[in-house]
Structures are given as structure tokens and as C-alpha cells.
Amino acid sequence: MKTPLLALALWSLLLQLGLTFWPSSVSQNCHNGSYEISVLMMNNSAFPESLDNLKAVVNEGVNIVRQRLLEAGLTVTVNATFVYSEGVIYKSSDCRSSTCEGLDLLRTISSEKRMGCVLLGPSCTYSTFQMYLDTDLNYPMISAGSFGLSCDYKETLTRLMSPARKLMYFLVDFWKVNNFPFKPFSWNTAYVFKNSTESEDCFWYLNALEAGVSYFSQKLSFKEMLRGNEEFQNILMDQNRKSNVIIMCGAPETVHTLKGGRAVAEDTVIILVDLFNDHYFMDNVTAPDYMKNVLVLTLPPENSVSNSSFSKDLSLVKNDFTLAYMNGVLLFGHMLKIFLEKREDVTTSKFAHAFRNITFEGHMGPVTLDNCGDIDNTMFLLYTSVDTSKYKVLLTYDTRKNYTNPVDKSPTFIWKNHKLPNDIPGRGPQILMIAVFTLTGTIVLLLLIALLVLRKYKREYALRQKKWSHIPPENIFPLESNETNHVSLKIDDDRRRDTIQRLRQCKYDKKRVILKDLKHNDGNFTEKQKIELNKLLQIDYYNLTKFYGTVKLDSMIFGVIEYCERGSLREVLNDTISYPDGTFMDWEFKISVLYDIAKGMSYLHSSKTEVHGRLKSTNCVVDSRMVVKITDFGCNSILAPKKDLWTAPEHLRRASVSQKGDVYSYGIIAQEIILRRETFYTLSCRDQKEKIFRVENSNGVKPFRPDLFLETAEEKELEVYLLVKNCWEEDPEKRPDFKKIENTLAKIFGLFHDQKNESYMDTLIRRLQLYSRNLEHLVEERTQLYKAERDRADRLNFMLLPRLVVKSLKEKGIVEPELYEEVTIYFSDIVGFTTICKYSTPMEVVDMLNDIYKSFDHILDHHDVYKVETIGDAYMVASGLPKRNGNRHAIDIAKMALDILSFMGTFELEHLPGLPIWIRIGIHSGPCAAGVVGIKMPRYCLFGDTVNTASRMESTGLPLRIHVSGSTIAILKRTECQFLYEVRGETYLKGRGTETTYWLTGVKDQEYNLPTPPTAENQQRLQAEFVDMIASSLQKRQASGIKNRKPTRVASYKKGTLEYLQLNTTDNESTHF
């Protein structure tokens, strides 16, 4: 047994992986006058027709469609393609194993690209639901079956056999009826019999009635499932049974088998659901005795009429399953005809969603579909006449109008007085009971009058004994300065919000409390308001915040309320850092939060306060133990209700409060918790005022509500999703109360720990353990972020100051100036920089300097030098400080200067094409002092005659030349590197007199592509020559149409921001050392 199941599971997984993106790759065979129907021929069907018969029915339907289109003047081709399952894995006749088969058929269509205009089938609920769950099915699907609730509200699914939803609506309506001559009592209880031998339709009908969150279950005060024949037979004569009504599904033979000739209590009513059986309408059919206390719910033959007498020639040509396949083909033909006549495309989404709210001509007559694509029809409730032993129509139910019409107002029932009994045993209109009730009523009336008088006396006495008084202001203490509001793990903590919150927090009776503004000026409360405040004082429940009283501060009245450390539930949902989804806010925790709110509201509704009136996620707070508590309840006569996203639609239209309105608000909060999105999240609308307007003015069967994606919900989530949707029903009477919500969530919550009940302490300890583990994870994560930010700050500091200087500043707070015996200093500037600026915009100048200096910085990375600063077009570099390197300082500066000069020979300005950029370079070696100057924006500066001499060497040099002093040449001669240089001659240096200087031209055995210096020796001739070059470059730019760079606040916008300001420019920090 395990091997087939394992193979089936693996096959299902492979199919799901293969079908994830199926719809986008399938091409429809639905164009150019040729239209196909894809029929899924599934072996795994529990319905009473062979595949050969179904194929014949579909082909007959296609012929009818062709004839109808031809009569309408539409010459097109309509065909049906039949897709069969292959292999031996699908041989079971059980619909429960049809999941993989349906996906396999879709895979076949996908791989062979045979998708038609519409899918016909499958019929099994399991298969249909899985296809919609695992694929993005954007094509219309017509099903002869798919009865389950899980297939409700699918946008492209059409069902041509009555689904379970229609059955539930009838039962709820019939249970409510109490004004028919034969049914004077409304029913609120039922037993539901279910075993493992039901047909496919019965299985899903009874499954819907069993579901705890279904519409039927919500309306009953008692419902119990009977499983197995023994339980059914025991309940028939059980004097202690809780209901007289038993619902079952099957045929008359099923009733006979279960009863087995046993006696049945006279007030027992069996409701037999047998929708697709025409046995009851056949001629000469006599109802057996065991059917006399049975009411049969069925569908009439397609050609019958709605009255109590049956024609003798009524019979069904085909069974309902075959007829549904035939009508499915005719439905497609009807829609195809409409679209072709309008000349609209049938491959669009509009066609897929068009199978709604229509009536078409079926094989046996008109067929009507509702707004969900489900078939509408008229159900018959039959009874057995004790006079004629014939089946007769008791009433009819129109599923489209939800209307029950009594047909036989004087039925000849087997039950007493020809009336249906009460659903609760022992209740009925007996004369003795009437007398007892009359006497009891008189006594109760007298007692009621006495109680009213006593209650009024007690209330007046209580007000006299405890007149409302405020808490003395001197008992309210402000928070101390070292007390914080909350613990936050966010690095960018919002201090402004913290200040606002502190204004509302105080201490009372050594406890931290919140002051709630009651919008009351003088504090002279009315008697009604005092009663409300007294009720609040009496509430003490662990899921409700404690109310301590009121206090008057600064001519304002505040309510003093218990403080919860973690803030509102809305803040917790927004804080994805402290409460992440993956490790903390999981599905179990969300269920526990919903359970906490439900318990608090259930207690509040059963208390004297009775209603909240302002329930929303900001009025649900979380304490230090991760327990959710409800606050801001009561005081409805003091604080007027407001219109917001949590307000029920009936209260938006007319301002008031109610318990059912609280249930609606709970549903909105639940959607916030489940999706962890903003309040009333929906993709179709973002504006808050528009949302409120659409909720208030919504009408029809599908009112405006937030998004809750049932299609993608997991199996464990589906029951909660349905519960939430029931909470925001438009009709308040259809919403469950909080007691039922609490019980449903208690059952779901217990399943997480394989237990039905968990103590409060167990829940509390488990939550704190979960939060502790999450806190450890967050602390570790924040520590890593802190270290990363610290390293980032260090890298930035190392770019601004030398590493040794930064460490000294961090450790000692000061940097001692230091004298260096011998260093080499480099200066350079741009020749004609002012002239270039004259013909350039400011942003072009910035771009030019950025392009040049970032290239210089890259060159510095390959030498042991330290960039001191840049001022305008001047560029200063030193070697031998702050880290001493022997005689290497002169070598590194000399090679760096050669690399820079070589680069300038290839550099070209973007906004002045063809213009060479000339630089002058000066180098000098000698002693130097260095230190940090200033407190704000500290700079590492160099001092001494060596700095001035190096500057003079640059200023007295010539374009595209490296001007070197004699001291530097002397050092280079002492090294192993054989530098090439030329004697310039005697040069006058301001402050030093005349000295012999040199031109550095290269290194032996190394090639440097140095640019050729300009030939002019006269400075004025050089300047004139340079101006001519600029003019020529401007003419060239104008002729070639080169545009200036777009002005921007960030230079080099097209290439990125200034690279020497970025921290991650290079991992090589040798630039500075």
C-alpha cells in the first residue's frame, strides 16, 4: 500500500513543478474559425457513466452546437478533443485519488499544446481544487460535479450540478421557518449522519454540513455528527437525545438498511438528501412504510412542473451527470455564439469570466447560472402521505431567489396533528404544558415586577454607597527621567514618537499607567456615565486592560488604564525587525494572537459592558509577556463612535454600536494579522476615504471587503480564512458570535500541541521562550550590524586621516606632532587652469577635477605614498610619513610622478575634445614636521621649509615636466634604481636663492609613455598658444555637436558619484602608508 502512495506523491510533486508556469506557455486552439473543447476523460471518476458514453454525449452536444451556430449564420468549426490518462497508476474509482490525474491531464495538454477554448471536467472536487491551487488557470472550466465548499467562488469555474453551498442555504432557510401551517417551530439543532460509503455528491454535501465554520454550522445551537450504523440506530430511540432531526444522504434503500425494522420515536424527523434520483416521480411508485417519517430533498425531472401531482409520463431521458456534460457543451456554444456575434475575442480574460448570471437553452430546457457560475434550480421537499402511501410535494425552494414556497398546506403527515414536531425532544404544544407555562408565566411576571423594583432600589443604593469620584491628582506621579517607554532593537529609533508617548504615561499605585483623554471638561458625569464607569471598575480579565478610575489634570479628565510595555498590536505588526516573520511571527503565534482577542471579546460581551464599539488593532495592546489585551472599551456614552476602516457597514450608515459590529471589526483585525499588511489591505483600492465610502455604499451579493486569498491558502489556514470571511458578512445575522469564534480557535490552537486544552501558564511560558530565542537572534544580528558600521566608520576615518593618527585619536583623544628627518614631497598643478575655467561651466570644472584626481588616486594605490590634500587644481603627496620607509620615499614619489605624467599624456577633457592638459610637477626632499590641526574637521598637515621648497619647485617648473631638486637627486643616486634625469641649470627659488635643479625623464630599462613638453620657453607664448588650443577645441565641439554635461549636484553623474568619497573604492589601503 505504501509503494503506490509514495509513487503518487512523487508524481504529484513533479506535476506541480511542471505546471507552475503552465498557463503562460500554452497556446489555445481557439482562433481562425476553429474552436475546440478540451474534455478531460478521467478514469478516477465515481460517477455512473463510462468514458465511452460520455464521449458520445459530448459529440452529440457538439453537433447541436454546430447546428445552432449555422442557423445563426455563423460558419465556424467546433470540435471536441478528448484527453485520456495514460499508465496504470490511475485505476482507482475513488475520487479521493484523482488529484494527480487531473494535473497529469493538464500536463498532457500543456506539452502537446492542445488547449481548447474551454475545459470540460473534471467532476471530482479533489482534482478541481488542486488544479486551481497549483496552476494559474485563466481559462473557463465547466464541471459536472465539484460539489465541495473548496470549489466555491472560483472565478473561471462553472458547475452544472447543485453544489453543497445551495444545499446549506436551503437547510438554513427551512430551519428558520416557523410560520407554515405544518411547521410552527423554528429549528436550531440537528444530527448529521455520515459514513464511509457515500457517493461523491453525498460525501461533499455532508462534509459541508460537518465543517465548523460553514454557514449551516454557525446558525445551529447544537450539531453532532453520527458516524457508523450503530450510532445512527442508537439515536433513534434514545430518550436523552438532544435533537429530533437527523440529516443523511443516500437513497430509500439506505434508510431501510439503517433502520433495519427497528422502532423509531414518533417525533423523529429524517431529512434524506437525494437530489439526483428520479425514482420518486415515476408512475406507480409506492412509498414503503419506513419512509413515512422521512422528508426527501430532491430535484424534479427537467421536464416536470412545480405542483403536487405528477404527470404519468414524466421520466428522465439521461441521468443528471450525463445531462450536465451535455449542457456544458451547449453552454460553451451559447457563449461562443454571443462573442462571435459581437466580434469579440474568445481567448481573452473577458470570455473566461463571462459564464456568470446567464440563462441558456439546455438539452431539456432553460438552464440558469448564478453570479458565481453555479447552476440554479428548484429543489423539491417530498413527504409520504399516510393516506395514499405516495410521495407528495411539501414545498419547493428556488435557489436563485432563496425563496421557500409551501405547496401542500395540509399535508397528511405521520406526525401528530399533521405538523412537524419541535426539533428538541419533549417540547410541543401539549395542553398540560400550555397550562404549566401559563401558570409559570404569571409567577414569572410577578417575580419580574418584584425584581425590577428591587433592582432599582439596589442601583440607587449602590450609587449612594459609591458615588463616582476621581483619583486625587497627587496620587498620579510622572515617570522618572531614567525610565524608558519600551525596548527597541532598531538602530534608527524614533525619538519623537517616544516623547509623544511619554506625555501620556504616569505612575499610579507604583504601577505604570496610561492616561486616556475622555474629552470631558468638568468631570461631572451623568448617572448613566457613572454606571458605565462603575462597570469598567468591575472588569478584571487577563485579556482586558484594567481600568483604575479617572483623574483631573490641567482642567482635563483622563481615564487611568493599565499600561502594556510593547505597545499596540498595530505597532508590533509594523515592527518587522523586533518581530520577524520567519523566526517569531509564525502561523502558530498569529493564531494565539487571534485567540487572545477572541477570549477578551467573548468575556467582554458576556459582562455588563456588553459591547466594545471601538475595536481595532490600535486598541489591542501587547504586554511584556506577549499576551494581547483589549483596551479602550466601554464609555460609549462619553466617547462617540467614529467612522474608520474597522467600522461595520451598518454602523457606517447609522452611527451606533453592537456586538455583531464588534465581530466585523475583529474580522478586519484578523486580516491585518494574517497578511501582516496595512489595515483593510486590498489591491483594488489604496485611499482610506474611498475604502470607507465603498464599504458604506456597497450593495449586491459581493460587497467591498479587503483581500484574503483563499486560493493560495494552505490546508491548515483554510478554516481560519473562512472564519474571517464569515466575520465580515454584510448581513450581521450571518456573522458568528465570539463564543463560537473562541471555540473554533481553541480547537485549531490545540492541534499545534496535540492537545485540546493548554493551561494559561503553559501558553505564557512557551511564548516567552519563543520571544527569548528571537531576542538572542536579534541581538546577534544587531551586533553584526554594529561591527559592520564600526568598520565602515573606521574606513572613512582612514581615508581622511592616517591609520596611526586615527588609532591615537581613538585611544588617547590627542595626536602628538612628530618630526621626520627625511621625507619627499610632491606638488603638481594644472597649467592654464584659470583659462580653462573661463571657458567652462562650474559643473564642467568639477567633473574635470574629479576625472583627473580619481585617476591620480588609483595611481597612488600602487606606491607607498600618502595623499595629503587637494586645493583647487593643486595636488599634494608625501612619502616617508606618517610611516617611515628609509630611502624608499624618494623612489616612490619619483615613480609615482612618472606614472602621473604618463597618464596625463593620454587624458582628454570630455567638454573640450582635443585640448591637452598640461601639469607642472615639483619634487623636493628634506626634514618635515606633521600633526593634526583643529578639533572640527581635523586635518593632517605638514610644516617646514621642505614643504615650501617643494611648492617652489612646482611653481618654477614647466608644463609636462617633473622638476626635481638636488636633494632628491642625491637620494636617488644612493639607491639601486637608475633614474634618468637632465640638468636644468641654475633656478631661482624664492627664499632659498639660486640652486641647480633637474628634469626627471624616466628609469633605465623601463618605458614610460611620457608626453612631449611644449617647445615654447617664454611664459607669454605658452599662454597664447594654450588660448589658441582652447578656441580650436571649442570650434571642434560646436562643429561635432558635442553637448555639455547636464548640470547636476553630483559631479560625474554619468559615471557615478565622486569615487574618492566612496568607502568601497578599493580594499587596498596601502594608498596612505
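Cβ atoms are placed via backbone N, Cα and C, with glycine included.
Swiss-Prot lists 1-23 with the feature signal peptide, giving sequence analysis as the kind of evidence. Annotation source Swiss-Prot lists N-linked glycosylation site at Asn32, Asn43, Asn79, Asn195, Asn284, Asn307, Asn402, citing sequence analysis. According to Swiss-Prot, the transmembrane segment annotation covers 434-454. The annotation topological domain 'Cytoplasmic' is assigned in Swiss-Prot to 455-1073. For 489-749, the entry in Swiss-Prot reads domain 'Protein kinase', with the evidence type sequence analysis. Summarising the annotation, Swiss-Prot assigns domain 'Guanylate cyclase' to 824-954.
On the structure: features taken from Swiss-Prot.
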residue	record	contacts (Cβ under 8 Å, 6+ apart)
Asn32	N-linked glycosylation site	none
Asn79	N-linked glycosylation site	Ser34, Tyr35, Glu36, Ile37, Val62
Asn195	N-linked glycosylation site	Arg227, Gly228, Asn229
Asn284	N-linked glycosylation site	none
Asn402	N-linked glycosylation site	Tyr169, Asp173
Just give the helix, strand and coil counts over the domain 'Guanylate cyclase' (824-954), going by DSSP.
52 helix, 39 strand, 40 coil
For Asn32 (N-linked glycosylation site), what is the secondary structure by DSSP, using just helix, strand and coil?
coil
Averaged across the domain 'Guanylate cyclase' (824-954), what pLDDT does the model get? Just tell me the whole number, please.
87
